[in-house]
Protein chains: 2
Amino acid sequence: MSTKAYAAFNAEDPLKPHIIERRALDPKDVFIKIEYCGVCHSDLHTAKSDWGPTNYPAVPGHEIIGRVEAVGSEVTKFKAGEIVGVGCMVESCKHCHSCNQGLEQYCENGFTGTYNSTKSKYGGVTYGGYSENIVVEEDFVLHIPDNLPLENVAPLLCAGITTWSPLSHWNIRKGDKVGIIGLGGLGHMGVKFAKAMGAHVVMITTSESKGADAMNLGADEVLISKDPEQMKKHAYSFDFLLNTIPVAHDVNPYLLLLKLDKTMCMVGAIEPLPGVHGGVLINKRRNIAGSLIGGIKETQEMLDFCGKYGIVSEVEVIPMKDINEAYIRMQKSDVKYRFVIDMKTL
Amino acid sequence: MSTKAYAAFNAEDPLKPHIIERRALDPKDVFIKIEYCGVCHSDLHTAKSDWGPTNYPAVPGHEIIGRVEAVGSEVTKFKAGEIVGVGCMVESCKHCHSCNQGLEQYCENGFTGTYNSTKSKYGGVTYGGYSENIVVEEDFVLHIPDNLPLENVAPLLCAGITTWSPLSHWNIRKGDKVGIIGLGGLGHMGVKFAKAMGAHVVMITTSESKGADAMNLGADEVLISKDPEQMKKHAYSFDFLLNTIPVAHDVNPYLLLLKLDKTMCMVGAIEPLPGVHGGVLINKRRNIAGSLIGGIKETQEMLDFCGKYGIVSEVEVIPMKDINEAYIRMQKSDVKYRFVIDMKTL
């Protein structure tokens, strides 16, 4: 079916209106009219071929909220009219060890990304959420709680689950001292989730003003990481650190904050980290780990949790035509904390 | 009491005969006549002030086997005539969270090293095992199984426990695929322990001949790390990696060998590791950790295990006068796999 979308055609050009084709409904497919789509750093990286050659034209967007318009004959979980979500994945092998555990993000045969993937069993390249509509297998569609503003829910599908998954995996609970490093799209969700899980939440940032913002979002304390005295005072005191800084940086000052046997989990910096010090790991049996988005089952659990505790992302809603300006502002971290496109404006 | 020892007097000079003082026995002290002392890389680093200024004269040696000659009035665990061991620590605070768990190596107030430490509550600087005798609190003295050759037991007190502790902490068991990276004093013990714990042991080395040696020590398989084809074949297949390489190196090729959620533990490289790749951690929720020697309780467990399974270190016994030549050979990795000084030759 021919559908309007916004696409990148090469690494330099801005996104432009375009017509794409969506597949006809398979028996297990859900046809979704998109209402809102969050703007993730990955969208820009893909538009610009930052992560290897992009398959152009590329339609970004993997924080998708929409309404079911039609379902295939074998769909059991969704009905027309229902509000649903789609995140970073639209297919996986469903039979490997990871998929069997509900960890499709670590599919041993590689999941199919919501956009720019050539791995789909339906052929072609996947097109994302900067689009009128999308067709997705029901196993990769999420139920959305009915008590939350939809534009604020969209970023939960990537920024939300990316921070929820490690906090849940490392079993954060009441009384834990948890540091969230960096306050952006990911970090602000980390603060909200860790707080709701009962942790004592410390915002770790270079910026006094971001510290103040984090306190407004629910943080219990601020640690200014460029102040060696403050860093020393908090040394060896954290149960978990969620590091959302999106670029390479010296992680050793943060590692020194961890107690014996505790972990710092990286979710932002997908690049080489300079000089992780073996001695800092060895001296207190500390760990550095990474975590990638989250599985479908835990994404649903996160959404249900958000419904129960009234947690959403802080967003700035934009019309489709402002996307290129939003990209420029996003690169300067000039957004609190996520742009969301209102798809009525396409 | 005046005692013969071998000491370093500055960072350049070779070790020389010397007279040191040992304290008079406190009620909880054990007086040990030293029979064998292993030669650890740390000894050389200390003799040369590689790790910050050494307190000269420095008497190295923390892989100590000897016979109890006398005990203080309140000693209950040891008797004169018994063969005992002393490792890397001789005191700790005994009341912090780590000490309370039997993890004196992570004592929050800092343990007292067997040599070159000024933290002893008895004052002065601690002198190690290149010496006729030593006085140690009974809580830091180990029982030695009576069925093992003593010269081969000495290195268990540092090289042994340093590899045992992480294999035990990460719960290695039957069927696990475990990689031991590097074959030296640490690595050869890692092979023996992982094998005895029931793992499928893969020696990971750049050298074909070290691979063959590892097979003789009990490894099940050899992976030549400079062969990209072999590395690719083993990608994403290991349950645990014990990295014993003693210097900084690129860890990313090794990290790619780990399965989802699994850990590489560093025990050798106490320096900054170049460019640990965030993406390699993130893509499979992999971990890098470190581990430091081991606690007294687990050191005793290791020694008991060694007695039960007949596990010892491979050693080359030397007279005291050859220590400086041994240091030179050790720096060239020209030893299989640990020098041990016969203290009768002092």
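Glycine is no exception: its Cβ is also placed from the backbone N, Cα and C atoms.
Sequence annotations record features per position, and here TrEMBL assigns domain 'Alcohol dehydrogenase-like N-terminal' to B:27-146. According to TrEMBL, the feature domain 'Alcohol dehydrogenase-like C-terminal' maps to B:185-306.
For the domain 'Alcohol dehydrogenase-like C-terminal' (B:185-306), residue counts in helix, strand and coil come to 49 helix, 33 strand, 40 coil, using DSSP. The domain 'Alcohol dehydrogenase-like N-terminal' (B:27-146) scores a mean pLDDT of 97 in the predicted structure. In the domain 'Alcohol dehydrogenase-like N-terminal' (B:27-146), the DSSP tally of helix, strand and coil residues is 17 helix, 37 strand, 66 coil.
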